[in-house]
Amino acid sequence: MVLSQEEPDSARGTSEAQPLGPAPTGVAPPPGPGPSDSPEAAVEKVEVELAGPADAEPHEPPEPPEGGWGWLVMLAAMWCNGSVFGIQNACGVLFVSMLKTFGSKDDDKMVFKTAWVGSLSMGMIFFCCPIVSVFTDLFGCRKTAVMGAAVGFVGLMSSSFVSSIEPLYLTYGIIFACGCSFAYQPSLVILGHYFKKRLGLVNGIVTAGSSVFTILLPLLLRVLIDSVGLFHTLRVLCIFMFVLFLAGFTYRPLATSTKDKESGGSGSSLFSRRKFSPPKKIFNFAIFKVTAYAVWAVGIPLALFGYFVPYVHLMKHVNERFQDEKNKEVVLMCIGITSGVGRLLFGRIADYVPGVKKVYLQVLSFFFIGLMSMMIPLCSIFGALIAVCLIMGLFDGCFISIMAPIAFELVGAQDVSQAIGFLLGFMSIPMTVGPPIAGLLRDKLGSYDVAFYLAGAPPLIGGAVLCFIPWIHSKKQREISKTAGKEKMEKMVENQNSLLSSSSGVFKKESDSII
């Protein structure tokens with residue numbers, strides 16, 4: 001989004017080259033700022049907004065302030081990332097507590113049933129992302145985020161009053177998760193309104209929030225569960241959602257121009273262009289015509305069938321395998337610590353990897369994630385398991401940090417938000433299905449060994465699929481260059497023929513006048 005803010009500069013240059021005064025009859029006024037104080041000009045401007053092309057900018061977007069109020073927005077977005085994904089990533093601790101609270105010796109499928117709570121919650125967060133983008137365009141970041149936090153608060157609070165595991169599918173898995181999704185998406189969008197030059201730094205700080213919370217929340221949840229139980233722990237977590245509700249009010253929209261402020265604009269016009277855009281701009285399915293992106297959108301979900309399994313089942317596996325160990329939550333903390341390091345490290349490395357070849361970093365990350373998942377059952381020493389979790393977290397951060405740069409390389413700046421939104425939606429399916437299947441295998445086989453072995457296979461397969469993307473993309477680029485060169489040559493020949501025809505006509509006219 002921010003990258004496209006350079007476009008108005010060229011539009012502004014074109015506008016300044018035009019003579020001041022009313023536009024000629026039948027010609028739409030330029031999109032840049034100009035004299036529009038008269039009622040006629042105002043009418044023309046409205047007509048441009050309603051009938052003009054989708055990518056025409058009726059208002060000049062504001063220049064990001066690069067700080068000021070934006071720093072508070074950054075902290076609010078950081079709290080959002082931390083509270084949403086910190087709770088989700090720490091669901092392994094809640095999972096163990098749910099088994100103890102609702103479990104029964106007569107129910108041999110309790111692990112399978114309980115696993116659906118956390119996996120459904122994580123899946124719904126990503127599944128709702130394409131829908132949330134529409135609400136953000138229509139109502140703005142602030143309203144969408146505040147509404148989402150309120151819904152998440154209601155879902156989490158109602159989860160603390162259930163008497164069996166099944167109602168948690170609705171209260172925790174759907175209502176709470178949908179609220180988190182509506183609160184999370186605007187936190188990504190609003191950063192581009194306040195930062196441009198420092199956007200990379202700000203994004204790194206914001207995404208690091210989830211790593212910090214992933215490190216600290218397992219310890220907090222264990223203390224709370226041991227002292228006050230599962231239900232009161234969920235009520236304490238509601239405080240996080242209430243703070244998130246207040247944080248949403250900091251997403252103040254920026255006024256588009258001084259002229260809008262003088263006319264009493266509240267800044268909501270920042271979203272007015274998208275409001276009048278054709279529906280295809282809201283759900284832009286044309287990006288799937290880009291073959292490389294289509295392969296990426298298939299390969300990533302394919303790799304994620306086993307991705308969320310360790311987050312849900314690792315704590316249960318540790319309790320069964322290492323019963324005498326204390327502070328077992330350290331395994332989740334290790335994933336959180338190195339995940340934050342991986343986001344900063346590989347995000348910086350990706351800046352030096354040219355073009356679509358950044359995909360090879362994701363291939364590398366999936367290779368190690370799959371390999372480490374398979375090594376979890378092989379660890380008979382707790383220290384070895386910690387080492388495996390450290391490596392897994394490092395490459396987990398690699399996978400997450402370079403998603404946006406790859407999407408930009410594949411579809412361009414104009415469609416990058418749509419590309420990420422669709423991908424997150426596709427990711428919801430494997431992330432929802434994987435953990436319950438692992439839980440079912442645990443119930444049938446009595447241990448998690450086979451479940452973790454199988455969880456490591458999808459990342460390896462998905463990584464192999466991603467290897468084809470650079471080749472597909474480069475082949476397509478060669479075809480485009482070849483076609484563009486051919487069209488350019490044809491246009492040059494056409495211009496030469498037109499010039500010769502015009503010269504011939506002038507010569508004939510002069511000859512006739514001489515005769």
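Glycine is treated like the rest: Cβ placed from N, Cα and C.
So that you can see what the record holds, here are the features copied from TrEMBL:
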REGION    1-49  region 'Disordered'
COMPBIAS  27-36  compositional bias 'Pro residues'
TRANSMEM  69-96  transmembrane segment
TRANSMEM  116-138  transmembrane segment
TRANSMEM  145-163  transmembrane segment
TRANSMEM  169-192  transmembrane segment
TRANSMEM  199-221  transmembrane segment
TRANSMEM  233-251  transmembrane segment
TRANSMEM  282-310  transmembrane segment
DOMAIN    287-515  domain 'Major facilitator superfamily (MFS) profile'
TRANSMEM  330-347  transmembrane segment
TRANSMEM  359-378  transmembrane segment
TRANSMEM  384-408  transmembrane segment
TRANSMEM  420-438  transmembrane segment
TRANSMEM  450-472  transmembrane segment
Proximity of the transmembrane segment (359-378) to the transmembrane segment (233-251), 3+ C-beta pairs under 8 angstroms: no
Highest-contact recorded stretch vs the transmembrane segment (282-310), from 116-138, 145-163, 330-347, 420-438, CB pairs under 8 Å: 420-438
Intrachain neighbours beyond the transmembrane segment (450-472), with Cβ under 8 angstroms and 6 or more residues off its ends: 291-292, 295-296, 298-307, 309-310, 313, 317, 355-357, 359-360, 362-367, 369-374, 376-377, 410, 430, 434, 437-439, 441-442
Recorded stretches the transmembrane segment (420-438) and the transmembrane segment (145-163) touching, at least 3 CB pairs under 8 Å: no
Long-range neighbours of the transmembrane segment (330-347), counting only residues six or more past its ends (CB under 8 A): 89-90, 92-93, 200, 204, 207-208, 210-215, 218-219, 310-311, 314-315, 318, 361, 365, 385-386, 389-398, 400-402
Local confidence of the prediction over the domain 'Major facilitator superfamily (MFS) profile' (287-515), expressed as mean pLDDT: 81
Chain residues in Cβ proximity to the transmembrane segment (145-163) (below 8 Å; excluding those fewer than six residues from its ends, i.e. six or more beyond): 80, 132, 171-172, 174-184, 186-187, 190, 231-232, 234-235, 237-238, 241-242, 244-245, 247-249, 251
Sequence-remote partners of the transmembrane segment (116-138) [C-beta within less than 8 Å, at least six residues beyond its ends]: 84, 88, 91-92, 94-95, 98, 144, 148, 165, 168-169, 172-174, 176-178, 180-182, 184-186, 189, 271, 274-275, 282-283, 308, 311-312, 417-418, 420-422, 424-425, 427-429, 431-436, 439
